[in-house]
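Chemist: Once you've had a glance at the structure underneath, I'll fire off some questions.
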Amino acid sequence: MQQLASFLSGTWQSGRGRSRLIHHAISGEALWEVTSEGLDMAAARQFAIEKGAPALRAMTFIERAAMLKAVAKHLLSEKERFYALSAQTGATRADSWVDIEGGIGTLFTYASLGSRELPDDTLWPEDELIPLSKEGGFAARHLLTSKSGVAVHINAFNFPCWGMLEKLAPTWLGGMPAIIKPATATAQLTQAMVKSIVDSGLVPEGAISLICGSAGDLLDHLDSQDVVTFTGSAATGQMLRVQPNIVAKSIPFTMEADSLNCCVLGEDVTPDQPEFALFIREVVREMTTKAGQKCTAIRRIIVPQALVNAVSDALVARLQKVVVGDPAQEGVKMGALVNAEQRADVQEKVNILLAAGCEIRLGGQADLSAAGAFFPPTLLYCPQPDETPAVHATEAFGPVATLMPAQNQRHALQLACAGGGSLAGTLVTADPQIARQFIADAARTHGRIQILNEESAKESTGHGSPLPQLVHGGPGRAGGGEELGGLRAVKHYMQRTAVQGSPTMLAAISKQWVRGAKVEEDRIHPFRKYFEELQPGDSLLTPRRTMTEADIVNFACLSGDHFYAHMDKIAAAESIFGERVVHGYFVLSAAAGLFVDAGVGPVIANYGLESLRFIEPVKPGDTIQVRLTCKRKTLKKQRSAEEKPTGVVEWAVEVFNQHQTPVALYSILTLVARQHGDFVD
């Protein structure tokens, strides 16, 4: 039997000594031996730090984003290899899609976020300038820099691809290498994907390592520049979190654990409403997808007391139609658990719930002697959920959920929160007031809550689907950690530092001009410069323009804006302005007339306007002038040879009056041509 090799220190290595076996979930056949005994974990970490970390830190965010996109495209081209291996885990094609293509999709999402929202630099200014002095000579910004260590990702068995990729994406975008430690039961699928990434040559040497087997003494060798993430059981995560070296060196530890997630039926819903059918469908889908082996799966079904039997009957009727078996056979809707060990664990947890007072409405007993690790869809009923703590603390990690009655909506809220912290929850209701109250009271114990009704159902991504744009994690039992959430996740792999100094020094450090920093003026209008020629701080001070009552009248007639402060002399005199004032949007238009270079040149288009603030009113007779300054530049990747190479330039605009008082502050974005393209076929 072949051993599943690890990829450490840039080479594929086999362990020695005691090994565990990976079995086929359907046939029970032994497929792989897994061991990492004898492998040098300290050397593996050092290799990642010496090779992978410097290479990734040297890349800009834009370059890292491009790397993510390239890896995603490569993995997508090889997806059928992964689907074939995924069948060994008992998953259906639909189950595997979530894991394989869902994981690859997360790479694409982070590639897009990085290219659109992060600077073309290795430093990430997190906020705008923070003034710290009266005259403006001393200020600060928070900057994010890549940690110099390695991210250790300890992952669960249920999503061997997505579980790795959803962590790799923000890790690499943040500039850190990763050591992946997958769960043994499905490590062959993770290994295949890692091998594909390594063989592609798309990532720097040392950017990714893989441990098939135990992590050994790896955690003992980490220091404060390293990061550890864990996905798995709450018990294991709590044990690792207090590992002496992690505690002693305050090593960041992010934990995402299984939880007793709930689905609540609002008291406004009756069996003849569309929401009732949606509720049944959502629960059944979450019970049977991946054979219930999801950390976000619905475990507790909370319904009004009067609807218990109606809900139970509807769930049983639908669950009885679920065909369980080998996913390779036509018509099979639910596959097996990952192995016989997991099947025995689910049976044990079901027995605990039964001993605590729950009743079987469907299923409940697996054939523990069968070769395939099948477990039937199981619906339990807990008649007294307030007196049965086991139902809020015992998770059968399979196609098992427990129905329980709520006396009223307040009681339903209490039961929803009784899980002690959950990754996800769903409320099915058509009543906005019920939804608001549920969020107000239950959100504090949940990482994500879906409000499902007829209006949202058609496009809903579902109760159990973590999305890369949204946070994934939860308080309490769910681990107290947070993954994904768009760019929030990237910050877990970076150090935030408050940097103080003069505005000019802060601008030089961040490569972004800030208000108060020195500017550079020359005889060439900034709009006549190509993207490569522009530098943050390049500036233009425009001629002046005096505003008149005729301007106000003409703009009002042209725009249709006859607001009294502009057109009614008497009403305006009694307003906070004391007299008629110029339209704010005319001030912007006049400002554009002052700073725009009208001829054909590198500036292609106005991309948008941001952060507009009107500081002081402009009155007839006031004279305005504009300072236009290049604030930051963002390269746009050229997607084809035919596409014009461009970049986005953000300009700081300050409009001030004859007293040098700012009257309007804002930023404009322009699409600017580049002199040279970068497309590579």
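Note that Cβ sites are derived from N, Cα and C of the backbone, with glycine treated the same way.
Pulled from Swiss-Prot, these are the listed features:
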- GLU256: active site (ACT_SITE)
- CYS295: active site (ACT_SITE)
- 473-484: compositional bias 'Gly residues' (COMPBIAS)
- 537-648: domain 'MaoC-like' (DOMAIN)
- 1-333: region 'Aldehyde dehydrogenase' (REGION)
- 456-484: region 'Disordered' (REGION)
Chemist: Using DSSP and three states only, what is CYS295 (active site)?
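Modeler: In three-state terms, CYS295 (active site) counts as coil.
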Chemist: Near the Cβ of GLU256 (active site), how many other Cβ atoms are there if near means within 10 Å?
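Modeler: By my count, 31.
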Chemist: Give me the long-range Cβ neighbours of CYS295 (active site): same chain, 6+ apart, Cβ under 8 Å, in sequence order.
Modeler: ALA156, ASN158, THR231, GLU256, ALA257, ASP258, SER259, LEU423
Chemist: What is the number of residues in the region 'Disordered' (456-484) that are helix, strand and coil, as DSSP sees it?
Modeler: 5 helix, 4 strand, 20 coil
